[in-house]
Amino acid sequence: MAKISVSTLAKMKREGTKITALTAYDASFAKLFHDNGVDVILVGDSLGMVLQGGEDTLAVTTDDIAYHTRCVRAGSKELFVIADMPFMSYSDPQSACQNAATLMRSGANMVKLEGGEWLYDSIALLTQQGIPVCGHLGLTPQSVHVFGGFKIQGREEAQAQKMIADAQALERAGAQMIVIECVPSALAKRITDAVAIPVIGIGAGKETDGQILVMHDLVGISAGYIPKFSKNFLLETGNMPDAVKKFCADVQSGDFPGPDHEFN
Ligand code: KIV
Ligand code: NA
């Protein structure tokens, strides 16, 4: 597959080509995903749960993400890699820049931060310094203790309108992509239509510009709980390359996510 850049991703949104994304934490899986059609690899702080076995993502450090970003980057020079900024690594614009620089030097093409309008100054500074930014709205797992659990977000109209305004603020600040997690499909569509930058969904229905899954969910090996919105693609294909190809094909055709994997 050809090398992907932020320009490719912006063009995909304009042309209505769905963007496929999976998390990966090492060279072998990252290369396998890329070779089988995945556009974007996320070194997610979900590694705090699926690799480290934590109950949430709060224990993950910038050094953890940097290590796994180096591992992923070693899989191929062609990968488009987003590195998650962990809990408390972007509590002010200066620390955001310092920590994002560590991740970019580890091989990331973009960093991802959780939150809305309050991140405006940090995102503006990051992009001024040459660091592409992906936002993350909805169920932002670093705030699980504020939410009181891993719960769907944006069911109330006031909350929904705030999330749309947040997405627009992220775009104005300079963000070049947004992930939205666990929101009603109708809200995901409103957010996707409200911004010109690509919106990638997880548990957000099929109307977003693309889909992302945690790789352990794709192959049904997450320790403990498997979220409603994910699907075990290994079960029906029997091998990893075909599971990845099926995920990409089903995202492109609109078969995934289906009605069983969304919130209304
Ligand atoms: O950490 C992660 O894997 C994520 C995705 C679920 C979007 O942020
Ligand atoms: Na994350």
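Note that Cβ sites are derived from N, Cα and C of the backbone, with glycine treated the same way.
So that you can see what the record holds, here are the features copied from TrEMBL:
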type: BINDING; residues: Asp45, Ser46, Asp84, Lys112; note: 3-methyl-2-oxobutanoate binding site
type: BINDING; residues: Asp45, Asp84, Glu114; note: Mg(2+) binding site
type: ACT_SITE; residues: Glu181; note: active site, proton acceptor
What binding-site residues among Asp45, Ser46, Glu114 have a C-beta sitting less than 6 Å from any atom of ligand 1?
Asp45, Ser46
For Glu181 (active site, proton acceptor), the one of Asp45, Ser46, Asp84, Lys112, Glu114 that lies nearest, given that the binding-site residues are compared by Cα:
Glu114
Does any of Asp84, Glu114, Glu181 have a Cβ within less than 6 Å of an atom of ligand 2? These are the recorded positions; tell me which, or none.
Asp84
Quick one: which residues besides Asp45, Ser46, Asp84, Lys112 have a Cβ within 8 Å of the 3-methyl-2-oxobutanoate site's Cβ centroid, in sequence order?
Thr23, Leu42, Val43, Gly44, Leu47, Thr57, Val60, Ile65, Ala83, Met85, Pro86, His136
Counting every protein chain present, what is the number of Cβ atoms, excluding its own, within 10 Å of the Cβ of Lys112 (3-methyl-2-oxobutanoate binding site)?
26
Around the Cβ of Glu114 (Mg(2+) binding site), how many other Cβ atoms lie within 10 Å? Please give the count over every shown protein chain.
23
Which of the three DSSP-derived classes (helix, strand, coil) applies to Glu181 (active site, proton acceptor)?
strand
If you count the C-beta atoms lying within 10 Å of each candidate's C-beta, which of the recorded positions Asp45, Asp84, Glu181 ends up with the smallest number?
Glu181
Taking Asp45, Ser46, Asp84, Lys112 as the record's 3-methyl-2-oxobutanoate-binding set, what's the max Cα pairwise distance in Å, rounded to a whole number?
12
Quick one: Cα separation, Ser46 (3-methyl-2-oxobutanoate binding site) versus Glu114 (Mg(2+) binding site), in Å?
13
